[in-house]
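**Q** Feature list, courtesy of Swiss-Prot:
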ACT_SITE  Glu45  active site, proton acceptor
ACT_SITE  Lys133  active site, schiff-base intermediate with substrate
BINDING   Arg49, Thr73, Lys133  pyruvate binding site
SITE      Thr161  site 'Plays a major role in determining the stereoselectivity'
Amino acid sequence: MSYTTQQIIEKLRELKIVPVIALDNADDILPLADTLAKNGLSVAEITFRSEAAADAIRLLRANRPDFLIAAGTVLTAEQVVLAKSSGADFVVTPGLNPKIVKLCQDLNFPITPGVNNPMAIEIALEMGISAVKFFPAEASGGVKMIKALLGPYAQLQIMPTGGIGLHNIRDYLAIPNIVACGGSWFVEKKLIQSNNWDEIGRLVREVIDIIK
């Protein structure tokens, strides 16, 4: 099924945390998804940082139709089309590229573009986008910066990513406009490469316990 942006936001609010995943081997997505689901997370942002991304999205969609799937680190029109044809529910970009936003809108493909300053936010709002990624979160001022931006831009719904961990995730989630945080520390590539599903499961449980 296809979700509207608002439906995606509602699901993200329930989940609170989005695993940001980089894979070298697409086949690793299935045991990883099983591990995530068993520990309470039925969401994955699969990043286009490797050529395995589209195949991983395709495999996950075919085998775990219950998962909310984001295609992350999408930088080109070709990746947008590939993400959609592979079965992603929405696109996440590190920055705001109006051409990419317009393409997603033309394809009726929800997009959460990256912003970290007023200019990018105003471009997003002008294009009808109020659900945004705040990236790189900590390097861009973190919680303090988000609170400052929400003064004039109170309509934003935000998914911060970058530098978030157990030490600060609750500070982010305490802000009502934050729908979920993106994180990679509990799905590190080295843990996936070594098939260390037990450790990933432990780390997922750890973060779930923190954000309950």
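Glycine too: its Cβ is placed from the backbone N, Cα and C atoms.
Given the structure is predicted, the values throughout are model-derived calculations rather than measurements.
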**Q** So for Arg49 (pyruvate binding site), how many other CB atoms are inside 10 Å of its CB?
**A** 15
**Q** Using a 10 Å cut-off, grab the number of neighbouring Cβ atoms around the Cβ of Thr73 (pyruvate binding site), all chains included.
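**A** Step by step: centre on the Cβ of Thr73 (pyruvate binding site), count other Cβ atoms within 10 Å, giving 19.
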**Q** Cα within 10 Å of Thr161 (site 'Plays a major role in determining the stereoselectivity') is the criterion; apply it to the recorded positions Glu45, Arg49, Thr73 and give the hits in sequence order.
**A** none
**Q** Name the residues of the same chain, 6+ apart in sequence, whose Cβ is under 8 Å from the Cβ of the residue listed as 'active site, proton acceptor'?
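**A** In sequence order, the residues whose Cβ lies under 8 Å from that of the residue listed as 'active site, proton acceptor' (at least 6 apart) are Val18, Pro19, Val20, Ile21, Ile69, Ala70, Ala71, Gly72, Val92, Gly182.
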**Q** Around the pyruvate site (Arg49, Thr73, Lys133), what further same-chain residues have their C-beta within 8 angstroms of the site's C-beta centre?
**A** Val20, Glu45, Thr47, Phe48, Gly72, Val74, Val92, Thr93, Pro94
**Q** Expressed to the nearest Å, what is the distance separating Lys133 (active site, schiff-base intermediate with substrate) and Thr73 (pyruvate binding site) at their Cα atoms?
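**A** It is 11 Å, counting Cα to Cα.
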**Q** Please find, for Arg49, Thr73, Lys133 as listed binding pyruvate, the greatest distance between any two Cα atoms, in Å.
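**A** Among the residues the record ties to pyruvate, max Cα distance equals 17 Å.
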**Q** If H, G and I count as helix, E and B as strand, and all else as coil, what does DSSP give for Thr73 (pyruvate binding site)?
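**A** Reduced to three states, the DSSP call for Thr73 (pyruvate binding site) is coil.
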**Q** According to DSSP, folded down to helix, strand and coil, what is Thr161 (site 'Plays a major role in determining the stereoselectivity')?
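**A** The three-state answer is strand.
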